[in-house]
Every structure is written in structure tokens, then in C-alpha cells.
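J.: Questions regarding the structure given below will be posed in turn.
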Amino acid sequence: MRVYNFEDGGETDVPVDELYMREALKLAQVAYQEDEVPIGAIIVAQGKIIGKGYNLTERLHDVTAHAEMQAFTAASNFMGGKYLKDCTLYVTVEPCVMCAGASYWAQISRIVYGTADEKRGAAKYGSLYHPKTEVVSGVLAADCAALIQSFFRNKR
Ligand SMILES: [Zn+2]
């Protein structure tokens with residue numbers, strides 16, 4: 001698939017999901033620099049980024065300040081409605097139960113995540129996503145996981 005290349009304005013053969021996951025990874029890097037658990041998220045509609053977020057639970061003293069939650073809020077504001085139909089969420093780590101629940105209410109069309117989270121990911125609790133939501137996992141999983149692992153290694 002040929003898609004737009006953000007870097008040089010040309011075209012590239014990199015799959016579009018990887019391109020957008022790289023954007024989510026950039027936000028995860030920002031979280032890392034701010035000493036937050038490094039998770040980043042973006043929401044894309046019709047080739048345009050309409051919502052962004054990165055984990056801010058420490059800065060905001062708010063357990064709901066996950067990357068996805070902020071991206072949902074931003075995207076809903078952009079869309080002027082609570083439903084995120086024809087939108088894709090890209091997030092570096094598998095959503096937790098709260099974020100999976102929020103995605104259910106938003107009825108988002110597609111979720112693409114990087115690395116799985118076996119301890120806190122939604123998957124172990126069964127199907128929490130909306131029946132209309134397509135879920136894709138493992139996009140740039142190694143890069144997404146490396147960032148998280150590096151963060152927690154430095155914490156010990
Ligand atoms: Zn979450």
C-alpha cells in the first residue's frame with residue numbers, strides 16, 4: 001500500500017498503520033521525558049489526526065488521565081459528537097479496561113495497538129470492545145514494548 005510520508009512529503013511503502021503508530025510512539029516518548037509511564041495515543045479520521053494524548057496520570061494526579069482517554073476527548077471535540085465512527089485509535093500499549101470501556105461508548109471503528117499488556121490489558125477480561133470495533137494488535141510491538149521496559153528498568 002502506498003501512503004503519504006510525513007517526513008519528506010513523498011510516498012512510501014511503509015504500511016499506514018506503522019506510520020500512525022510512529023506518531024503515537026512520539027507521544028509516548030514525550031510521556032517518558034516527563035517521567036510518566038510512556039504510552040501515547042492518536043486518533044485518525046480520513047487520514048487526519050484528530051486527537052492526541054499521552055499518559056499524564058502523575059502530573060494531573062488523575063488515574064483516568066490515560067493517553068487514550070485524552071485522545072477520545074480531543075477527537076470527540078473535533079468531531080462535535082460523542083461517537084467516533086470511521087475513526088481509528090492508535091495506542092502504543094493495549095488498552096486497559098477503562099479505556100476499552102470508553103472506546104465501547106465511543107463506538108470507535110478500529111483500534112490498533114502496539115504491545116500487549118498481559119497484566120492490565122483488557123483482553124484478559126473478555127470482549128470489552130464494542131461489537132463494531134475492529135481490534136488489531138502487534139503493530140511496532142517491539143518498539144512500543146522497549147520503551148515501557150526501559151522506563152520501568154530505570155525506576156528500579
Ligand atoms: Zn487505560
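Counting starts with 1 at the first residue shown.
Backbone N, Cα and C define each Cβ position, glycine as well.
Note that this is a predicted model, so its numbers are computed, not measured.
TrEMBL feature annotations, pasted as is:
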{"type": "DOMAIN", "residues": "15-128", "note": "domain 'CMP/dCMP-type deaminase'"}
{"type": "BINDING", "residues": "His66, Cys96, Cys99", "note": "Zn(2+) binding site"}
{"type": "ACT_SITE", "residues": "Glu68", "note": "active site, proton donor"}
J.: Can you give me the same-chain residues 6 or more apart in sequence from the residue listed as 'active site, proton donor' with a CB-CB distance under 8 Å?
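T.: The answer is Ala41, Gly53, Leu89, Val91, Pro95, Cys99, Ala102, Ser103.
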J.: Over the domain 'CMP/dCMP-type deaminase' (15-128), what is the model's average pLDDT?
T.: 97
J.: Going by DSSP, give the three-state secondary structure for Cys96 (Zn(2+) binding site).
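T.: Its secondary structure by DSSP: coil.
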J.: Is it possible to list how many residues within the domain 'CMP/dCMP-type deaminase' (15-128) are helical, extended or coil according to DSSP?
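T.: Going by DSSP assignments, the domain 'CMP/dCMP-type deaminase' (15-128) contains 49 helix, 26 strand, 39 coil.
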J.: By Cβ count within 10 Å, point out the most packed of the binding-site residues listed: Cys96, Cys99.
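T.: Result of the Cβ crowding comparison: Cys99.
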J.: Long-range same-chain neighbours of His66 (Zn(2+) binding site), Cβ under 8 Å, sequence gap at least 6?
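T.: The list for His66 (Zn(2+) binding site) reads Ile39, Ala41, Gly53, Asn55, Thr57, Cys96, Met98, Cys99, given in order along the sequence.
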J.: What other residues of this chain sit with their CB within 8 A of the center of the CB atoms of His66, Cys96, Cys99, the recorded Zn(2+) site?
T.: Ala67, Glu68, Met69, Pro95, Val97, Met98, Ala100, Ala102
